[in-house]
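Colleague: Below is one structure. I have some questions about it.
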Amino acid sequence: MSQDKLELIRNAGPSVLPSLLLCDFGDLKTELARLEDAGTQVLHLDVMDGHFVPNLTYGMPIVEGIRRHSDLPMDVHLMISDPLRYAQPMVDAGADLLTFHVEAVEDAGEVAREIRSMGAAVGVALNPDTDLSALDGCLDDVDMVLVMSVNAGFGGQAFNPVALEKLAALKQSHPDLLLEIDGGINLETIGAARAAGCDLFVVGSAIFKQDDYAAAIAALDAEIAGGVS
Ligand SMILES: O=C(CO)[C@H](O)[C@H](O)COP(=O)(O)O
Ligand SMILES: [Co+2]
């Protein structure tokens, strides 16, 4: 199931992934319908534990609730101190791609292999201050690298261009790896991320602060198309 969904995620690229961090959780069903009508192919869910990051969001019940109302592949961004503790419950709740932070674990390769053994695709994320060398030894065991362009924890932060250098370096060293960017992506920044080789573009504020999600996503798609792959 998840390997099929991984193919869907791969084939979706280059694509905008709405981050549900800033959606109306009081009316999630309508929000999901609006995103599907806007052509969304993959959802990005931000799970924060109030420990690895100073913010608290949601866990398995919300992921499972979203799964009940949408068949879209779910890219679950774990901003938590102990990703393996919750990996299997997240897979059971419907996560297709589970991404953990390299800063949270001692052996990223081992964590990646364990998540894969649960039947999910796996991504590894790194914050702006974390050097790419932190990924040494785990890139053969992941399907995707999530390059953060803000410090994980909150929506609505300003884009940090250090992410562009990391994307370009990863594209060169690992051309087959799926690359995702997250944080401060909007009409001004998305083209540069595409030009740096990015495939998946997580967007929160630049969609959810607009009245018309479809128009917001179409404008972002147009900027992606204008970038150099
Ligand atoms: O992982 C995240 C925050 O840690 C979110 O995915 C991200 O911040 C989306 O929000 P925005 O587009 O407003 O930056
Ligand atoms: Co995220």
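Every residue gets a Cβ built from N, Cα and C, even glycine.
Just so you know, TrEMBL annotations never went through curation; they're auto-generated.
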Colleague: Which of HIS77, HIS101 does TrEMBL put in the same substrate site as SER19, GLY153, PHE154, GLY155, GLY156, ASP182, GLY183, GLY184, GLY204, SER205?
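Modeller: The candidate from HIS77, HIS101 that TrEMBL ties to substrate along with SER19, GLY153, PHE154, GLY155, GLY156, ASP182, GLY183, GLY184, GLY204, SER205 is HIS77.
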Colleague: Under 8 Å Cβ-Cβ from GLY155 (substrate binding site), six or more apart in the same chain: what's there?
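Modeller: GLY155 (substrate binding site) has long-range Cβ partners SER19, LEU21, LEU22, ASP46, GLY204, SER205.
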Colleague: Between SER19, SER205, which of the binding-site residues has its C-beta surrounded by the fewest other C-beta atoms within 10 Å?
Modeller: SER205
Colleague: From the binding-site residues listed here (HIS77, GLY153, SER205), select those whose CB sits under 6 A from an atom of ligand 2.
Modeller: HIS77
Colleague: Near HIS44 (divalent metal cation binding site), which residues of its own chain have a C-beta under 8 A away, given they sit six or more steps off in sequence?
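Modeller: In sequence order, LEU17, PRO18, SER19, LEU20, ASP75, HIS77, ASP182, VAL202 meet the Cβ cut-off.
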Colleague: As a test of the contact definition, list every same-chain residue at least 6 positions from GLY184 (substrate binding site) whose Cβ is closer than 8 Å to its Cβ.
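Modeller: Correct list: SER149, VAL150, GLN157, ALA158, PHE159, ASN160.
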Colleague: Are there any residues at least 6 positions away along the chain from GLY153 (substrate binding site) with a Cβ closer than 8 Å to its Cβ? List them or say none.
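Modeller: Sequence-distant Cβ neighbours: MET48, VAL53, PRO54, ASN55, MET79.
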